[in-house]
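*Asks:* Structure provided below as C-alpha cells; questions to follow.
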Amino acid sequence: MTIIVTGAAGFIGSNIVKALNQRGITDIVAVDNLTKGEKFKNLAECEIAHYLDKHEFIRQVREHILPYQNIEAVFHQGACSDTMNHDGLYMMENNYQYTLDLLDWCQDERIPFLYASSAAVYGKGEIFREERELEKPLNVYGYSKFLFDQVLRRRMKEGLTAQVVGFRYFNVYGQHEQHKGRMASVAFHHFHQYREHGYVNLFGSNDGYGNGEQTRDFVSVEDVAKINLYFFDHPELSGIYNLGTGRSQQFNELAAAAVNACRAAEGKSELSLKELVEEELIRYIPFPDALKGKYQGFTQADITKLREAGYKEEFFDVKAGVNRYVKWMLENLA
C-alpha cells in the first residue's frame, strides 16, 4: 500500500514522513517543489519509495494517470504558508485549486485525504472554535484555507466517499523548519539569536499586554505528526479540527525555555524569567508602530472537538517541547 505525502520535504510534511517511517512504513511517494534545494536535507534521514515534483504530480492527478496502485492515504501538506505573501492569484491556485483538485481525485478513487488548514482562518478573533461565525481571515493566505474548509463542509453534507480531515494548525515549532527563513517559528529564531548575540529580543508592552506577555498556542511538530497519524488510524473520522495544545503560553515562557536550554548545553544553571531579564539575556524592544492595531495578542485552540474524536494524548508544553527542539538544533544545525 502506497502513501502520498505532499510538501514532503517541508516542515510538517517531512515530520509526517519520519513518523510513518517509525512505524516501518517506507512505501511513500514524496511530492514537493525542490526549487529551494536545501529542503532535500529534511528527507535525507527518511526512507521513501519515490520522489515526484509537485507540478508533475498535479498534472498526473488532473489527467488521472498517476501510476500508483492501492494508495492508502494522501497527507496534503504542500502549500504556501507565507502569511505575508499577498499574491492572491498564486495563493488561490497553490493553496485552494491544487487542494480542490486533490480532493476531487481522492473522492473519485475513495482515498483518505488529510490536509493542512490553518488557525489563520480565525483572523483576529478571541474564540478559536471550528464554527463558521468565528472565522474571519485577515489575509489571502487565511482566506485560501478558509475557502477550502467551506468546500469540505458542503461536501460532508452531500456525503463523502472516503475520509477527509482538515487540521487547523496553530503556532507549530520543531525540527526541519530551518528552510523557512523569516517564517520559521519564534523558537527557531530565539535559538539562533541567543547563539549569535548571547540574548534574545521580545516585543515590549502593547494593547494591555506587558513586556513579552503576548501569548500563543505553541504546538510541537512532534504532536502535529502524531495527530495526523491518529486520524490516519481512524478512517471513520472526517471533519475540520483545531490542532493546538489548548493552552496559551507567553512569549516570555518560550524565550526562557530557549535560553535555558542553550545554557544547559553550556553547563550553566537554569534561570528564572526575572533573572534572565535582569542579566539582559532576554531584552524587550519597543512594539513596532506598523503592527499596532494589527497584532494578535492571544491565540488558544479550542480542542474540544479533537478530544471528542478520541485523541487522549498529552501535548508537550513549551518548556519540554522547546528543550527537545533546542537539543535537536544543537546536534543538527549548530
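Keep in mind that glycine also has a Cβ here, set from the backbone N, Cα and C atoms.
Remember, it's a predicted structure, so these values are computed and weren't measured experimentally.
Below are the features I grabbed from Swiss-Prot:
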type	residues	note
BINDING	11-12, 32-33, Lys39, Lys54, 77-81, Asn94, Lys145, Val172, Lys180	NADP(+) binding site
ACT_SITE	Tyr141	active site, proton acceptor
BINDING	Asn171, Arg182, His189, Phe203, Gly204, Ser205, Asn206, Arg216, Tyr295	substrate binding site
ACT_SITE	Lys180	active site, proton acceptor
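I'm curious about the neighbourhood of these features; can you describe it?
*Replies:* Around Gln77 (NADP(+) binding site), taking its Cβ as the centre, 28 other Cβ atoms fall within 10 Å, counting all chains.
Secondary structure at Tyr141 (active site, proton acceptor), taken from DSSP and collapsed to helix, strand or coil, is helix.
In three-state terms derived from DSSP, His189 (substrate binding site) belongs to a helical segment.
If you draw a 10 Å sphere around the CB of Lys180 (NADP(+) binding site), it holds 16 other CB atoms from the protein chains shown.
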*Asks:* For a quick check of understanding: among the binding-site residues Lys39, Lys145, His189, which residue's Cβ has the most other Cβ atoms within 10 Å?
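*Replies:* The largest 10 Å Cβ neighbour count belongs to Lys145.
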*Asks:* Translate the DSSP assignment of Lys39 (NADP(+) binding site) into the three-state scheme.
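*Replies:* The three-state answer is helix.
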*Asks:* Cα-Cα separation of Lys145 (NADP(+) binding site) and Gly204 (substrate binding site), in Å?
*Replies:* 31
*Asks:* State, in Å as a whole number, the widest CA to CA span among the substrate-binding residues Asn171, Arg182, His189, Phe203, Gly204, Ser205, Asn206, Arg216, Tyr295 given in the record.
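*Replies:* Largest Cα to Cα distance for the substrate-binding set is 22 Å.
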